[in-house]
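A.B. asks: The structure under discussion is supplied below as structure tokens; questions concerning it will follow.
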Amino acid sequence: MEAEPPLYPVARAAGPQGDEDPLGVPDGQAAPLDDLVGAYPNYNEEEEERRYYRRKRLGVLKNVLAASTGGSLTYGVYLGLLQMQLILHYDETYREVKYGNMGLPDIDSKMLMGINVTPIAALLYTPVLIRFFGTKWVMFLAVGIYALFVSTNYWERYYTLVPSAVTLGMAIVPLWASMGNYITRMAQKYYEYSHYKEQEQGPQNRPPRGSHAPYLLVFQVIFYGFFHLSFACAQLPMVYFLNHYLYDLNHTLYNVQSCGTNSHGILSGFNKTVLRTLPRSRNLIVVESVLMAVAFSAMLLVLGLCGAAYRPTEEIDLRSVGWGNIFQLPFKHVRDFRLRHLVPFFIYSGFEVLFACTGLALGYGVCSVGLERLAYLLAAYSLGASTASVLGLLGLWLPRSVPLVAGAVLQLLLTLCLFFWAPVPRVLQHSWLLYVAAALWGVGSALNKTGLSTLLGILYEDKERQDFIFTIYHWWQAVAIFAVYLGSSLPMKAKLSVLVLTLVAAVTSYLWMEQKLQRGVVPRQPRIPRPQHKVRGYRYLEDDNSDASDAEDERGHDGGGGGPGDGAEEEAPSAGPRPGPEPAGLSRRSCPYEQALGGDGPEE
């Protein structure tokens, strides 16, 4: 019986020249060490660096597409479910047969009140939420609350619908503020990854102001192109399910006498029974299950595919300025004349979206051509807005005020035309005019939303301010939506008059702001406190603070001077060498090891 060969080769004493292994590589002292552990002979550092930053840029594009798709699916599910449930609950027969004397209209009114009133308090907690959880996790949390609202419609009771509506109202402003902040940060990161060689040559130099504007404009076009598609996605339950149960316009509009500019409130005289047959509970559960699955998919999309907006060290710095300062800074930004001049545009941005969904779609559309065509009117608005979002790219070649003012002028002309138009009920010959008006209104909405978000991202580049600015923007939108909710019973002419006055004031105020900036007026901004870290770690042992903001770096190199921009605000003096004797213990913060040995560092 032959002996088995050893599993590992037995080490042999190497001769003066070394032995060779079966592969022909010499062993021992003569082994070519450089060939074994040295650099790869065909390694190209520049090419590997280029590939690395290309992967980084693709990751940013993935983040933008994931956030845009997640926001579109979330809002589409929310609008589709709310629209379908309000139509079902409006029908008298449906309420009496399925819910008896439970008081469903009262529940619906309190639910709408919770959705529209609760965002008024969002200015108090939205910045704190974003700084505490981080931008990505606030997005995920808000999308989860939208999914919670969908799930409560499986069991429609007061104690399920009203609390979930209040919770949803609390999540509206944090969701869209974090979305706007996220898209802006992605544009800044894409610029960093595209111009990495400039940062290597001068890592301490701040990028030129407005350098990320082209990428921001493209990303906002992508985001709002997806967002406006949500209005079309919300009509799928109507088209494929609810329209089969609706009466035609001759029944629902039998008592309607006036439409358009002559109407009062929302659908006065509309028939109390709109359902020809009642949908089966099993079919309703199937539809709500599909909507719940889409909402859950949006949650997973944001969780799995959206990367972080900030590096971990940046997030620590953002929340280390003090929670009291974070709470106060949104109010202190009222000092900035740019925000004060943009407030009318913020308010109009909320007005025009609600007018498209209620005034134009209901007061002009459903009132004249019936409830069964509501889905197609809103789909025309959605597709027009989504397609026209591409027109925002004109900002790459034209002044930034042109697309924003063009959208406002278009909607002003449409509003004036609607002021003198009263369509006849139950007459379909003019229905094509409704679809054209809805699509053109969508074009104005796209230019409005894209232009405003891009403008804010350009005016406020500092990462320390962006969450405050987008919170203020979407909070004013929420205030405008609340005002529309309160004035829903006003005559249509009053609504159109308020819309025209707000639009004229918004355009005038915005052009005045641009004129001030061209004259070189420096905006007054609140000082962002320097982060006060309470931990000791390797990040804070060096004299140079690697986590200093761009504004602090710029002041440190320019000697503390401020320029005419976001970095013009006053900050604490940088920690550099000063003339004269220094106080003991303030020259450098001692590390924990030195403190343990009795160093001069500050004690805890």
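All positions are counted from 1 along the displayed chain.
Each Cβ is built from the backbone N, Cα and C atoms, and glycine gets one as well.
Quick paste of what TrEMBL says about this protein:
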| type | residues | note |
| --- | --- | --- |
| COMPBIAS | 543-553 | compositional bias 'Acidic residues' |
| REGION | 1-30 | region 'Disordered' |
| REGION | 523-604 | region 'Disordered' |
| TRANSMEM | 60-81 | transmembrane segment |
| TRANSMEM | 111-130 | transmembrane segment |
| TRANSMEM | 137-155 | transmembrane segment |
| TRANSMEM | 161-183 | transmembrane segment |
| TRANSMEM | 215-242 | transmembrane segment |
| TRANSMEM | 284-310 | transmembrane segment |
| TRANSMEM | 342-362 | transmembrane segment |
| TRANSMEM | 374-397 | transmembrane segment |
| TRANSMEM | 404-424 | transmembrane segment |
| TRANSMEM | 468-488 | transmembrane segment |
| TRANSMEM | 494-513 | transmembrane segment |
A.B. asks: Are there residues at least 6 beyond the ends of the transmembrane segment (342-362) whose Cβ is under 8 Å from a Cβ of it, and what are they?
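C.D. replies: Cβ under 8 Å, 6 or more out: 231, 266-267, 374, 377-378, 381, 404, 408, 411, 418, 437-438, 441-442, 444-445, 448-449, 452, 455-456, 472-473, 476-481, 483-484, 488, 492, 495-496, 498-499, 502-503, 505-507, 509-510, 513.
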A.B. asks: So if I exclude everything within five residues of the ends of the transmembrane segment (468-488), which remaining residues of that chain have a CB under 8 angstroms from its CBs? That is, six or more out.
C.D. replies: 112-113, 116-117, 119-120, 122-123, 126-127, 130, 172-173, 176-178, 180-181, 184, 265-266, 329-330, 333, 339, 342-343, 346-351, 353-355, 358, 452-453, 456, 459-460, 494-495, 498
A.B. asks: Six or more residues out from either end of the transmembrane segment (137-155), which same-chain residues have a Cβ under 8 Å from its Cβ atoms?
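C.D. replies: Those are 67, 70, 74-75, 77-78, 81, 85, 129-130, 161, 164-165, 167-168, 170-172, 174-175, 178-179, 182, 285, 288, 291-292, 295-296, 298-299, 302-303, 306, in sequence order.
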A.B. asks: Take the transmembrane segment (284-310) and find every residue of the same chain, 6 or more past its ends, with a Cβ under 8 Å from one of its Cβ atoms.
C.D. replies: 59-60, 62-63, 66-67, 69-71, 73-74, 76-77, 80-81, 84, 134-136, 139-140, 143-144, 146-147, 150-151, 153-154, 181-182, 185-186, 237, 241, 318, 463
A.B. asks: Which sequence positions outside the transmembrane segment (111-130), separated from its termini by at least 6 residues, show Cβ-Cβ distances below 8 Å to it?
C.D. replies: 138, 141, 161-162, 165-166, 168-170, 172-174, 177-178, 181, 323, 326-327, 329-331, 467-468, 471-472, 474-475, 478-479, 481-482, 485
A.B. asks: I need to check the long-range neighbours of the transmembrane segment (404-424): which residues 6 or more away from its ends have a CB within less than 8 Å of a CB in the stretch?
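C.D. replies: Those are 258-263, 345, 348, 352, 360, 364, 367-368, 430, 433-434, 437, 440-441, 443-448, 451-452, 455, 493, 496, 499-500, 503-504, 506-507, 510-511, in sequence order.
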